[in-house]
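As C-alpha cells, the structure follows; a few thoughts come after it.
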Amino acid sequence: MAFATRHFVRAASSDAATAAAKKLLIKHVTIIGGGLMGAGIAQARCSSGHTVVLVDQSDEILKKSTKGIEESLKRVTKKKFADKPEAGVEFIKKTLKNLTTSTDAASVVHSTDLVIEAIVENLEVKNELFKTLDKFAPEHTIFASNTSSLQITKMANATTRQDRFGGLHFFNPVPMMKLVEVIKTPMTSQKTFESLVDFSKAVGKSPVSCKDTPGFIVNRLLVPYMMEAVRLFERGDASKEDIDVAMKLGAGYPMGPFELLDYVGLDTSKYIIDGWHSLEPNNPLFAPSPLLNKLVEEKKLGKKTGEGFYKYK
C-alpha cells in the first residue's frame with residue numbers, strides 16, 4: 001500500500017511537471033502601439049485567423065492604424081486573389097473582424113495570452129509600460145518587446161515575470177517580411193521561448209533564435225556595415241553613389257548602405273549606434289560618425305524629411 005501511495009505521488013508529481021512544462025497556446029494577443037510596426041504585426045496576426053487587440057493613446061491614432069491595415073490588405077488581395085476579387089473582399093472583411101482597438105491597455109490585458117510592445121524606442125517609457133501592465137495581466141501572460149536595439153533583459157527586470165518575457169523582433173514592412181528574431185534572455189524559460197517560436201510560425205513567419213545581445217542578429221551585422229560605409233565616405237575613399245552601386249551590383253543587395261540609411265531614418269540609426277557605443281565605448285564598430293551626427297542635427301533624417309544622404313522630391 002505504501003509502495004502504491006509512493007507510486008501515485010510520483011506519478012502525480014510527474015504529471016504536474018509535464019503540465020507545467022507545456023507550451024502556452026497563444027490565442028489572444030494584445031499589441032501596444034498602433035504605428036507602422038504595431039499595425040503590421042496586428043495585420044499578420046489577424047490574417048492568420050487570430051484575434052488581436054491593438055492599443056494606442058487615442059482613437060484618432062487607432063483609426064489611422066485600422067485604415068492603414070485595410071489599405072495594406074487591399075494591396076495583398078490584389079495579388080493573392082487576382083482571379084477571385086470576391087474572395088479578396090471576403091478575406092479583408094474576415095481579417096478586420098479579428099481586430100479590435102482600445103485606448104486602455106490595462107483594461108484589455110486581463111484576458112490576453114501575449115502582450116507585444118511596439119512603442120517608442122525609449123527604455124524608460126517601455127519599462128514604465130511593462131511595470132504597469134504587469135499588475136493587470138494574468139500570471140500566464142507572456143510579455144514581448146519588438147525593440148530593435150534595446151536590451152530585453154532590462155525590460156524584463158521591470159516586471160515580476162522575467163521567465164515569461166522575451167523579444168519578438170519583426171521587420172518592416174511586417175506583412176511582407178518573413179523573418180522574426182525570437183530573443184531569449186538568461187531568465188526566459190524554455191516554455192516561454194518555445195511558445196514565442198510557435199506564435200511566430202502561426203503568423204506565417206520564419207523565426208530565428210538569438211541571445212539578448214546588442215542588435216540581435218540582423219541589426220548587429222547591418223548597423224556596423226552601414227556605419228563603415230559612412231566612414232569610407234567620410235575618409236574620401238569613395239563617393240556615396242559608388243558605394244551604393246558597388247554593394248548592389250557586387251554583393252547583390254537590393255539597396256546600397258546610404259539608400260538604406262535614408263530609408264530607415266538617420267535619427268534611428270544614430271540612436272542605435274549611440275546606445276551601443278555607451279554599452280561598449282571601446283568597440284570601434286560602435287564609434288559615432290561626425291557626418292551622421294551633423295545630418296541629424298540639421299534635421300536631414302532621410303526620406304521622411306525629404307533629405308538625408310540624398311535629396312528626395
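Note that Cβ sites are derived from N, Cα and C of the backbone, with glycine treated the same way.
Residues annotated as domain '3-hydroxyacyl-CoA dehydrogenase NAD binding' in TrEMBL: 28-213.
Here TrEMBL flags Gly33, Gly34, Gly35, Leu36, Met37, Gly38, Asp56, Glu121, Lys126, Ser148, Asn172, Lys304 as NAD(+) binding site. Listed in sequence order, Val55, Asp56, Glu117, Ala118, Ile119, Asn146 are the same-chain residues at least 6 apart in sequence whose CB falls under 8 Å from the CB of Gly33 (NAD(+) binding site).
Summarising the environment of Lys79 (CoA binding site), the number of other Cβ atoms within 10 Å of its Cβ, over all protein chains shown, is 8. According to TrEMBL, the CoA binding site annotation covers Ser72, Lys79, Ser148.
Take the CB of His169 (site 'Important for catalytic activity') and look out to 10 A: across all protein chains shown you find 24 other CB atoms. For His169, the entry in TrEMBL reads site 'Important for catalytic activity'.
Summarising model confidence by region, the domain '3-hydroxyacyl-CoA dehydrogenase C-terminal' (215-312) averages a pLDDT of 96. What TrEMBL records for 215-312 is domain '3-hydroxyacyl-CoA dehydrogenase C-terminal'.
Asn172 (NAD(+) binding site) sits 11 Å from Ser148 (CoA binding site), taking the CA atoms of both as reference points. Counting in whole angstrom, Gly35 (NAD(+) binding site) lies 15 from His169 (site 'Important for catalytic activity') by their C-alpha atoms. Residue counts for the domain '3-hydroxyacyl-CoA dehydrogenase C-terminal' (215-312) under DSSP, split into helix (H, G, I), strand (E, B) and coil, are 65 helix, 3 strand, 30 coil. Look at the binding-site residues Ser72, Ser148, Asn172 and count other Cβ atoms within 10 Å of each Cβ; Asn172 has the fewest. When the binding-site residues Met37, Ser72, Lys79 are compared by Cα distance to His169 (site 'Important for catalytic activity'), the shortest distance belongs to Met37. Between the C-alpha atoms of Lys126 (NAD(+) binding site) and Lys79 (CoA binding site), the distance comes to 37 Å. Counting every protein chain shown, the Cβ of Asp56 (NAD(+) binding site) has 24 other Cβ atoms within 10 Å.
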